[in-house]
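> Please see the structure below; I have some questions.
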């Protein structure tokens, strides 16, 4: 919860580019920091509004002098594979549910092995402790057995990363699988075929889950990207295998997305972007309960602008969410959260990479033009706000970052977060396009945490219970990190 010392709102967008008065805009919250030029949607520049800038400066000074206590990071109270002793692992058959859903090109070559690499620490830990690893995953959304969704193309890279020859079986249940499991040596790894080749997987049918569980002695879930799904291999198997624990990747996701967000070092800022308010309602409302500063970007800002009575040209607007936008602004104000909307935007005459573009105040978007990125003044204001923080979380681009011309805002935020990370600020990048942005800029490695989840990250930030997590064994006692 934001402190009472931050109860006043930040000045909003001027009615016109030459106005001398501003409407008060309630603070709204953002979840993750964008670091690359904002490519997805544009915002109008604040250059025309000195009052906006002055009000922001006043707010930032108040945050710097705030006496709000700095709090540590608490870990999620789930038992982890690291809590198991060597004796509990040696010689044991361990069913590991990983998320190896990597992209493949037309020739079945892996184009991004991030998820495979993310699964390696847990697998290597089990191998080093003499466990027999039975590795399970899905790939894509097959309708029954579909050769192009086979996990076979993953074997060479997995083997290379693990330093052993991974054995691949043509099914995930049945006599052949049982035979190979029985012959698996300590430290060996057997990769099962795509669990989604069976419709029973996504239906979480108990009999299918029981067959999967019968292969092993204990269960490790390291598939954060599917933890929000109650499937047989993510939730059903836990009813038949004990212990059922979190892998290192899943535990890290929980530590950051639950621990660092619920009990952050302060000031705590959230950056939320993306095209639609409707897709981020839950995240924004949840973050308003926790953050001190909320920075909004992406296409959703135009719904907030219109709700304030501003002209938005042909920019994306969710007409049925105008009242919601107003209520979120009011809620931010009531919670004492400093909500910053872009004061200037980069607009275009069409939605295309070669569109004509210009920078205008957010209050001066002409008819026939659409916002596709935040402007330079907004980037500076956002950066100034971020300079006051100790924890930042970012979810969603600032603009249409698929088009280079409108990626500047997103990329600028990515670079700023990298700079802050080097100064000891906790920086959390939450899935999807935000991850793509920091990777494009080349700063992914310096962030405190980059989430591997898309929908799972959003649901966790919204405060929802993830079936794949709640099903795991509780830790012996809450652990403070």
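Glycine too: its Cβ is placed from the backbone N, Cα and C atoms.
Annotation source Swiss-Prot lists transit peptide at 1-75, citing sequence analysis. Positions annotated as (2R)-3-phosphoglycerate binding site by Swiss-Prot: 98, 99, 101, 115, 137, 138, 140, 141, 196, 228, 229. Taken from Swiss-Prot, the feature CDP binding site covers 274, 298, 396, 401. Swiss-Prot lists 274, 298, 401 with the feature ADP binding site, giving similarity to another entry as the kind of evidence. Sequence annotations record features per position, and here Swiss-Prot assigns AMP binding site to 276, 280, 299, 371, 402 based on similarity to another entry. The feature ATP binding site is assigned by Swiss-Prot to 280, 299, 371, 402, 433, 434. If you look up Swiss-Prot, you'll see 433 marked as Mg(2+) binding site.
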> 101, 137, 434: which of these binding-site residues has the sparsest Cβ neighbourhood within 10 Å?
101
> Between residue 229 ((2R)-3-phosphoglycerate binding site) and residue 298 (CDP binding site), find the distance joining the two CA atoms and give it rounded to the nearest Å.
28
> Among the binding-site residues 140, 274, 396, whose Cβ has the fewest other Cβ atoms within 10 Å?
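Selected from the binding-site residues 140, 274, 396 on minimum Cβ neighbours within 10 Å: 140.
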> According to DSSP, folded down to helix, strand and coil, what is residue 196 ((2R)-3-phosphoglycerate binding site)?
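Assignment for residue 196 ((2R)-3-phosphoglycerate binding site) reads helix.
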> Which one is closest to residue 274 (CDP binding site) in space, judged by CA to CA distance, out of the binding-site residues 98, 101, 299, 402?
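Closest recorded candidate to residue 274 (CDP binding site) by Cα: 299.
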> So how far apart do the (2R)-3-phosphoglycerate binders 98, 99, 101, 115, 137, 138, 140, 141, 196, 228, 229 get, largest Cα to Cα in Å?
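Of all Cα pairs among the recorded (2R)-3-phosphoglycerate binders, the widest measures 18 Å.
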> Who sits close to residue 276 (AMP binding site): which same-chain residues at least 6 apart have their Cβ under 8 Å from its Cβ?
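Counting only residues 6 or more apart in sequence, the Cβ neighbours of residue 276 (AMP binding site) under 8 Å are 299, 300, 303, 316, 318.
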> Out of the binding-site residues listed (101, 140, 196, 298, 371, 402), which are within 10 Å of residue 434 (ATP binding site), Cα to Cα?
none
> Find the shortest Cα-Cα separation between residue 101 ((2R)-3-phosphoglycerate binding site) and the binding-site residues 298, 402, 433, and name the residue that gives it.
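Nearest by Cα distance to residue 101 ((2R)-3-phosphoglycerate binding site): 433.
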> Going by C-alpha distance, which of the binding-site residues 137, 140, 196, 371, 433 is nearest to residue 401 (CDP binding site)?
433
> Count the other Cβ atoms sitting within 10 Å of the Cβ of residue 229 ((2R)-3-phosphoglycerate binding site), across every protein chain shown.
19
> Which one is closest to residue 98 ((2R)-3-phosphoglycerate binding site) in space, judged by CA to CA distance, out of the binding-site residues 280, 371, 396, 402, 433?
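In terms of Cα distance, residue 98 ((2R)-3-phosphoglycerate binding site) lies closest to 433.
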> For the ATP site made of 280, 299, 371, 402, 433, 434, how many Å separate the two farthest Cα atoms?
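If we measure all Cα pairs in 280, 299, 371, 402, 433, 434, the largest is 20 Å.
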> Give the number of CB atoms, excluding that of residue 402 (AMP binding site) itself, located within 10 Å of its CB.
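Total other Cβ atoms inside 10 Å, all chains included: 13.
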> Which one of these binding-site residues has the most other Cβ atoms within 10 Å of its own Cβ: 298, 299, 371?
298
